[in-house]
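Annotation source Swiss-Prot lists active site, nucleophile at S186, citing sequence analysis. Annotation comment: Swiss-Prot describes D333, H361 as active site. Annotation source Swiss-Prot lists substrate binding site at R250, D362, citing sequence analysis. As annotated by Swiss-Prot, domain 'AB hydrolase-1' applies to 70-366, with the evidence given as sequence analysis.
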Amino acid sequence: MSEIALEAWGEHEALLLKPPRSPLSIPPPKPRTAVLFPRREGFYTELGGYLPEVRLRFETYGTLSRRRDNAVLVFHALTGSAHLAGTYDEETFRSLSPLEQAFGREGWWDSLVGPGRILDPALYYVVSANHLGSCYGSTGPLSLDPHTGRPYGRDFPPLTIRDLARAQARLLDHLGVEKAIVIGGSLGGMVALEFALMYPERVKKLVVLAAPARHGPWARAFNHLSRQAILQDPEYQKGNPAPKGMALARGIAMMSYRAPEGFEARWGAEPELGETYLDYQGEKFLRRFHAESYLVLSRAMDTHDVGRGRGGVEEALKRLRAIPSLFVGIDTDLLYPAWEVRQAAKAAGARYREIKSPHGHDAFLIETDQVEEILDAFLP
């Protein structure tokens with residue numbers, strides 16, 4: 001089977017198979033990097049670690065209004081990047097790291113950002129930043145430790161979702177944004193929840209897509225297996241990259257991101273091609289993500305519990321009732337079942353909507369028509 005056929009059922013299906021919503025497009029984005037916690041201050045993590053300096057790579061689309069009231073902060077999922085929308089020009093693309101180039105020229109939610117789209121840069125100042133701990137330009141295991149001059153690697157301190165939210169809040173300070181609409185999916189939805197609980201005065205509206213209030217035993221089990229695939233790779237144990245482990249980790253994760261309905265519809269006539277698809281996704285993942293960032297961020301996900309130190313999940317979610325909130329589940333999501341998202345929405349006094357799709361957890365990235373319709377009824 002051709003690579004394009006496999007890719008068309010991969011992460012960028014919406015980009016490859018759906019026509020553009022508008023003949024217009026946004027200008028080629030220019031990624032920027034900001035030092036948000038300089039060396040004179042440093043960054044102390046929730047679990048007691050320390051980073052001498054924290055930088056975040058980010059992109060913006062549109063212009064902040066004079067009243068500074070049109071910002072939208074979008075948080076990406078586990079292996080996403082700051083590149084939310086648009087297409088890099090050749091000069092920008094050549095300036096990127098090999099991992100960023102492997103991620104691709106097109107933004108990961110491109111079909112929702114642009115003229116006439118739900119996140120129109122003519123109306124909104126859209127901000128998207130690569131999470132702390134990732135490998136796409138923000139401070140992470142690949143970054144140089146200022147004290148040693150060498151990459152942190154396996155010495156990078158463990159993070160929590162609250163650490164990720166705190167770094168994103170400092171980015172808003174850097175950009176002069178006091179308050180924003182906050183949107184996140186999957187891991188990004190967890191960060192959005194924590195951001196709203198930590199900084200409620202900074203959230204105009206909250207949108208949580210395909211994310212739970214607590215990372216429970218089912219989701220943690222998938223992360224555990226993916227990490228074990230990496231940690232048990234003989235090459236990783238020798239201190240080298242983990243090619244076999246990373247490919248297997250991705251395959252395990254893809255099974256949690258998809259659903260039986262989608263696999264049957266796509267591969268039912270030739271079941272062996274489903275295996276080829278997983279192998280392809282694993283090989284592709286090797287080129288575009290780093291094992292240490294995968295370990296750091298997946299462990300951060302496993303710390304996610306909005307109720308920790310707040311009297312339990314339900315009591316914590318009650319604090320969100322003053323914020324207009326929308327929770328979006330997916331009817332075939334195996335990773336974070338719809339009932340889990342619906343339950344969180346009820347406790348938060350939030351609206352609840354559900355994406356109908358055979359594609360499982362990844363539907364929030366694929367079913368952009370439904371996502372746009374849902375957001376259109378909620379955003380101002």
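For all residues, glycine too, the Cβ spot is worked out from N, Cα and C.
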Exercise for review: Sort out the sequence-distant neighbours of R250 (substrate binding site) for me: same chain, 6+ apart, CB within less than 8 Å of its CB, listed by position.
Suggested key: S226, Q281, G282, F285
Revision key, fill the gap. S186 (active site, nucleophile) to H361 (active site), Cα to Cα, whole Å, comes out at 8
Study note, to complete from the structure: H361 (active site) has its Cβ surrounded, within 10 angstroms, by a count of other Cβ atoms equal to 26
Review point. Are there residues of the same chain, six or more positions away from D333 (active site), whose CB falls under 8 angstroms from its CB, and which are they?
Key: A210, A259, V341, G360, H361, A363
Point to revise | Cβ atoms near S186 (active site, nucleophile) (within 10 Å, other residues, all chains) | key: 27
Check your understanding: Per DSSP, to which secondary structure element type does D333 (active site) belong, with helix, strand and coil as the options?
Key -> coil
Point to revise | C-beta crowding around D362 (substrate binding site), within 10 angstroms | key: 25
